Amino acid sequence: MWAHSMTVQDYQDLIDRGWRRSGKYVYKPVMNQTCCPQYTIRCRPLQFQPSKSHKKVLKKMLKFLAKGEVPKGSCEDEPMDSTMDDAVAGDFALINKLDIQCDLKTLSDDVKESLESEGKNSKKEEPHELLQAQDSIGEKLGSGEPSHSVKVHTVPKPGKGADLSKPPCRKAKEIRKERKRLKRMQQNPAGEIEGFQAQGHPPSLFPPKAKSNQPKSLEDLIFESLPENASHKLEVRVVRSSPPSSQFKATLLESYQVYKRYQMVIHKNSPDTPTESQFTRFLCSSPLEAETPPNGPDCGYGSFHQQYWLDGKIIAVGVIDILPNCVSSVYLYYDPDYSFLSLGVYSALREIAFTRQLHEKTSQLSYYYMGFYIHSCPKMKYKGQYRPSDLLCPETYVWVPIEQCLPSLENSKYCRFNQDPEA
């Protein structure tokens, strides 16, 4: 349908029923008839933690700004090319925790293998010199884990076996393992990370210190301080596009030129196809009425362009709607010369951070809508990487965590996610 004028609350209600807008045209796919069902997807920014691939994109941007460093052999890292493994695994905070535990388990397994290998060697020389320790030893170690049998060396007879009262000769590999273990223990003096105490290390006698290896927040990664002599300067400006503000009007031509180059290089359009009128109708016109209530965000509600300025020129523009409950991403276009910065991923992370910023003043504004998720289309599945996120049930219009939806989508393109038959 064509919407000439609409309140932000009306549009909020519509997108919560599966509608989207393109300019002033508002539409809803016929989900059970289309070849590629399009499910409305939203991210929960307040619980969002960047994945490893997200952190790489942010660090790449920081290196470019600080030192002008351009990745070698780089090409556009489109969002759909990012690693999907992190997204399938679920909550990123949990992934970070599991990564640490896996590293520690590998380390402790290596140490255990080394000890057992040493025990086998000495067993060949003197079989009766290995004893089983009592189960109570595990309790004395204070690990809180079920106790296990531990091999204990008796004092060897003169001339037979290694003298355990003296430091054993160690290979360089074992020394490196020991250094790594000590480094981890220094980072966590209380031995609170699972794996250390379970392997028999006694608890620290000192009170636990504040952890220094806490993962950085999204804001820490984005707004990390740059040196005074940084090679580049990046500035993000939010300008109202409808009705157009003075800043928007002043930058309209430059913004259009970026869009034109984007369409020509990325989407292979002819030079005369993306006209300025088409650009205005598609990405500047909006039916949303501007609202600036006292309890709303400082910029107000409505349609905006989030402009990325690098050294005084526009290199990317994110088209967004700010609604009572969310920031809704409409479109992104960028200068192809800066494809190496993975601006698709970077802008999504900036918009998530922007949503969190708006939430500080407007508590009900707490979601980031990413448009449609198409499970059967590889180029649209990338949206599932921004977790935690939910998909909208096309029949009952309730939000369902994406982890619960994926098994059904593997079996059928069209699914009713809400399993409650009474709904």
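Cβ atoms are placed via backbone N, Cα and C, with glycine included.
Going by TrEMBL, these are the annotated features:
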| type | residues | note |
| --- | --- | --- |
| DOMAIN | 4-56 | domain 'N-end aminoacyl transferase N-terminal' |
| REGION | 139-172 | region 'Disordered' |
| DOMAIN | 254-393 | domain 'N-end rule aminoacyl transferase C-terminal' |
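Counting residues of the domain 'N-end aminoacyl transferase N-terminal' (4-56) by DSSP class, helix then strand then coil, yields 16 helix, 12 strand, 25 coil. Note on the domain 'N-end rule aminoacyl transferase C-terminal' (254-393): its mean pLDDT in the predicted model is 96. Across the range of the domain 'N-end rule aminoacyl transferase C-terminal' (254-393), the DSSP-based residue counts are 51 helix, 42 strand, 47 coil.
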